[in-house]
Amino acid sequence: MACLGPSAQVPELPEKNCGYREVQYWDQRYQGAADSAPYEWFGDFSCFRDLLEPELRPLDRILVLGCGNSALSYEIFLGGFPDVTSVDYSSVVVAAMRARYAHVPTLRWETMDVRALGFPSGSFDVVLEKGTLDALLTGEQDPWTVSSEGVHTVDQVLNEAGFRKRTSRLLGLHTQLELVLAGVSLLLAALLLGCLVALGVQYHRDPSHSTCLTEACIRVAGKILESLDRGVSPCEDFYQFSCGGWIRRNPLPDGRSRWNTFNSLWDQNQAILKHLLENTTFNSSSEAERKTQRFYLSCLQVERIEELGAQPLRDLIDKIGGWNVTGPWDQDNFMEVLKAVAGTYRATPFFTVYVSADSKSSNSNIIQVDQSGLFLPSRDYYLNRTANEKVLTAYLDYMEELGMLLGGQPTSTREQMRQVLELEIQLANITVPQDQRRDEEKIYHKMSIAELQALAPSMDWLEFLSFLLSPLELGDSEPVVVYGTDYLQQVSELINRTEPSVLNNYLIWNLVQKTTSSLDHRFESAQEKLLETLYGTKKSCTPRWQTCISNTDDALGFALGSLFVKATFDRQSKEIAEGMISEIRAAFEEALGHLVWMDEKTRQAAKEKADAIYDMIGFPDFILEPKELDDVYDGYEVSEDSFFQNMLNLYNFSAKVMADQLRKPPSRDQWSMTPQTVNAYYLPTKNEIVFPAGILQAPFYTCNHPKALNFGGIGVVMGHELTHAFDDQGREYDKEGNLRPWWQNESLAAFRNHTACIEEQYSQYQVNGEKLNGRQTLGENIADNGGLKAAYNAYKAWLRKHGEEQQLPAVGLTNHQLFFVGFAQVWCSVRTPESSHEGLVTDPHSPARFRVLGTLSNSRDFLRHFGCPVGSPMNSGQLCEVW
């Protein structure tokens, strides 16, 4: 059977075969490429994927010759190979492909003649072509021999070692033409290759060799130039100056409500994980890693999931006692349903219960209870009903549709779901806003279970917590930390005055919300309609494998991290990162010594806390020890044929893990993020900063990039997390991670004065006419400002020790200016208006634009290096500074 992929209509052929060698023919052929479907010569990637994949590695640098209007390069990316450069004779089709795949930054597109490739020798590990050499053959006298002009240039750009590695196997199996078709390797399309000759002349004329002309420097210079908007003055709007080009080149991908550096890097990490999990030769000595593959494959079994439909959830609801929306239910079982929904299946109706370090005694774990129970992202969506009418209507439609899919009747389902929504609105009314919960000293309340029972008597707390933490034995004297006593008291009163049928509907609705992502496409389609209203996503085209990677990361993230780290993480990165943290910590402590508002006793305690901050880089050590890794997931049963059951088993397993933690001290090996995560965090109860392997990559960090970019990228992230130890919440914890007052009153008053300046500054910023909440974002804004200052001071210290760096070619920036541009370009972002609104009401971070503008307008160093005068938009003349 012929293997043909979906293609556009076949274009007209040239009058003579030799026309295939003429660029004019190809330019004319591809005039409509930007608006047409891909066209595949011979067949698509699936036709030869099985032949090719055994020869590829996730980090191979791949060059695709004569890419044309084919989807091959994108399909290779989706197959788990992110580093792909594509060239074509036609500048018309190259422009079209750049536009079509602008949302995938690791796909690079260049206009080149394959007979004269402009890449340095050894640039690629794999070279692929599908029909390009056929075009060259139209001018050959012998149709079985490719002239040296094509083969030699391919041989030259291949990595020699990589070519030899595969030659012994391939030469015996394939002809010369097939060998080139099978191909072998890439890293780097130099985006400024057109300038290489001129730059080389300049280099030889300059005896100091002050311009860096390495491949890495040329490539990163090209990326920086692509992102800049030179039409905007840096003193007018530095975010637009730094990111205007990036924003033009990065329209929102379908199905996304936001797109930024973090999303892009996570997509790359996911592609690597996909390749690892779908490897047909997968073989591991770790049972946890084998569970990871089984879980992932169960998620991919779409036919099985569709076949089961809604039945798994219907059976579960019947097992719990029924749901008033869909049929008979047990009217006297509120506690039993609550225990099942919140205990066995870990949903969070009314409140959330978890085990974590006691903030006031951080060497021990304790039961903690906090507010919860709302499905929409924020209480604001429920309370401002006029402004959010579309969202509330879409949410009710979603509730009704799911109720109907599970067996509800048209005449009653909407009314019963409306009652559940009204209950959530009442919950929203008593939910405390996030900006009023920032003082942890005020919201922390330790009490016994007996005291909790007196506070919120509508349910039996000892019975509930004993079930939740079984087999542990609890008594009335067991300590519990409650965050928000007023909330729990009012929740208890709300439960008492609500009809049992509405309580049942609400509890089961919480279970339905948690489990429908494991069901068939009808439930996914229903959710997509709600997400379109809530976040502005136009349509979802997320491949199933990406959804399954995310699910696997949630379920078995550290076993998945073991695979990721072994495949990608350079151990030297850990040493380099630790060195950078030391430099940034030293810069922060030096700045502490110059703070005029802080008394000496508080300053000394702050220095001791900074010294005591423990840094965790890359991954926790246990993930590379198979037995230790297996022990972490011991007891979690995973099969390859039931994704829904795997998810139920996960909820039950996580409840057991939580119970197991209560009588144990907190462990430093217990990370809150998996190694592949593109993020970082500070944990006050451990006084530690954590930088997973996933973020120790470009654009945050690359070993052969200028230090200005590394300090402006990962350096600012490090400074940000370190400064969290001293933001409005972190500063309440001492060096041991305990919540206690350690500041002198005079310094505390001065601190609050300085942070009030930050709060007021950010409260003036607006997005689509809506003001930021400077109180809600205060901690992150303090960390952004302090992190930038610490990283820049660390960079200056590095320069004093090592001397000035070479400058990047063509960008026209000093290295000091480059530091600030590098920082800003980390935050280049696009977002729908709906998603922007959601961020304003839920996110403790300021929007990306103001993380740049707010921070840099407070930086004397930035204002000096860019010469921004007082009165310019970037220099109001009033600087807010805490650290």
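Keep in mind that glycine also has a Cβ here, set from the backbone N, Cα and C atoms.
Just one of Gly66, Gly79, Gly222, Gly231 is listed by Swiss-Prot for the same S-adenosyl-L-methionine site as Trp26, Tyr30, Trp41, Asp88, Tyr89, Asp113, Val114, Lys130, and that one is Gly66. Binding site for Zn(2+) per Swiss-Prot: His720, His724, plus Glu780 from the candidate set Glu640, Glu780, Glu804, Glu805. When you check Swiss-Prot, the disulphide partner of Cys235 from the set Cys828, Cys868 turns out to be Cys868.
Noted from Swiss-Prot: Cys299 is disulfide-bonded to Cys548, selected from Cys18, Cys47, Cys541, Cys548. In Swiss-Prot, Cys880 is paired through a disulphide bond with Cys757, chosen from Cys703, Cys757. Each residue contributes its Cα atom, and for Cys243 (disulfide bond) and Cys868 (disulfide bond) those atoms are 19 Å apart.
According to DSSP, Cys757 (disulfide bond) sits within a helical segment.
DSSP assigns Cys217 (disulfide bond) to a helix in the three-state reduction. Here the C-alpha separation of Cys880 (disulfide bond) and Cys868 (disulfide bond) works out to 17 Å. Shown are the disulfide-bonded residues Cys243, Cys299; the one with the most C-beta atoms within 10 angstroms of its own C-beta is Cys243. A straight line from the CA of Cys757 (disulfide bond) to the CA of Cys217 (disulfide bond) spans 39 Å.
For Cys235 (disulfide bond), the same-chain residues that are 6 or more apart in sequence and have a Cβ closer than 8 Å to its Cβ are Phe866, Gly867, Cys868, Pro869, Ser872, Pro873, Met874, Asn875. Note: the Cα of Cys548 (disulfide bond) and the Cα of Glu721 (active site) are spaced 30 Å from each other.
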